[in-house]
Amino acid sequence: MAQKDTLLHLFAGGCGGTVGAIMTCPLEVLKTRLQSSGLTLRPVFQVQLGTLNGAGVIRPGSVTPGLLQVLRSILEKEGPRSLFRGLGPNLVGVAPSRAIYFAAYSKSKETFNGIFVPNSGVVHMSSAGFAAFITNSLMNPIWMVKTRMQLEKKARGEKKMNALQCARYVYKTEGMRGFYRGLTASYAGISETMICFLIYETLKKYLAQSRFTTPDTDNDKGASDFLGLMFAAAFAKGCASCIAYPHEVIRTRLREEGSKYKYFFQTARLVAVEEGYAAFYRGLIPQLIRQIPNTAIVLSTYELIVHLLAEPSK
């Protein structure tokens, strides 16, 4: 029975992740481009008044292109297909990634329920942290290839590397260690997962006791139940992303080809000194636009499949 439950969570997690990845891929590409240090900054001139002789001083400056500007640039120079760059390795990675995550989450929750107060916040955070650690450690090479493909800029019509070619290039130029660039930043991002699932499980428990849940048994869930879970997942991910977003920027910088960014704290220091603290939130808007519906789709699909395929409780 335990093995069957694990397989169910593996399957449900893989399906949820696949659906979410396909539907939100263009926003993933936009977010990665905005996070990158290779983003072209638009030059501006700042006028500073109040000098000793009363004259103004014109200082050169720069403005980070917005979401729509980056989207327009990609469509004009690279074509609409570039909005799906990295989808191949993303699909190859997201199904096993989500499958591993949800299977590890459900199993670790069983274990932690026997150690701490059952279904408490500590249990949810510990389970989410453990599952994220396992998933990040196993899947980082695939996410590394996906990020490199999304950062590759080629004019419309120019041949671009596929996932296998990109993986070979990374291995040839950087060796096996190259596939694990950004892993420390991914570990730092475990805090985001812990916050997200703490909020989600809390809201899920509240919804189970509220008017959104049908008054019948757990096996008679209606559309309103899953709609409520989608809103809970969206809210949880939005809060967690805003709190822990800087690690995403650091991770993208660490995965850039031939970059000056070598280690987590060295990268954080360089970004802060050279670009200011606002740079840690570059790409936040497309991240929220992508991650909120993506998480809502993934979790609600996962919950739906588990509900449909799980054996009725006696």
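Even glycines carry a Cβ here, placed using N, Cα and C.
Annotation comment: Swiss-Prot describes 4-111 as repeat 'Solcar 1'.
The repeat 'Solcar 2' feature in Swiss-Prot is assigned to 119-206. Counted with DSSP, the repeat 'Solcar 2' (119-206) comes out as 71 helix, 0 strand, 17 coil.
Among the features that Swiss-Prot reports, repeat 'Solcar 3' is placed at 224-308. Secondary structure of the repeat 'Solcar 3' (224-308) per DSSP (helix as H, G, I; strand as E, B; remaining residues coil): 73 helix, 0 strand, 12 coil.
According to Swiss-Prot, the transmembrane segment annotation covers 7-27 (among others), on the basis of sequence analysis. Tertiary neighbourhood of the transmembrane segment (7-27): same-chain residues 83-84, 86-87, 90-91, 94-103, 105-106, 286, 289-291, 293-295, 297-303, 305-306, 309-310, selected by CB-CB distance under 8 Å and a gap of 6+ residues from either end.
Per Swiss-Prot, the feature transmembrane segment maps to 44-58 (among others).
Same-chain neighbours of the transmembrane segment (114-134): 100-102, 104-105, 108, 187, 189-190, 193-198, 201-202, 205, counting only residues six or more beyond its ends whose CB sits under 8 Å from a CB of the stretch. The annotation transmembrane segment is assigned in Swiss-Prot to 114-134 (among others) on the grounds of sequence analysis.
Under the heading transmembrane segment, Swiss-Prot lists 183-203 (among others).
Under 8 Å from some Cβ of the transmembrane segment (226-246) lie the Cβ atoms of residues 188-189, 191-193, 195-200, 203-204, 207, 210, 212-213, 268, 280-281, 284, 287-288, 291-300, 303-304, all in the same chain and six or more residues away from its ends. Marked as transmembrane segment by Swiss-Prot on the basis of sequence analysis: 226-246 (among others).
According to Swiss-Prot, the transmembrane segment annotation covers 291-311 (among others), on the basis of sequence analysis.
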Any residues 6+ beyond the ends of the transmembrane segment (183-203) with a Cβ under 8 Å from its own?
105, 119, 121, 124-125, 127-129, 131-133, 136-137, 140, 143, 232-233, 235-237, 239-241, 243-245, 247-248, 250-251, 254, 263-264, 267, 295, 299
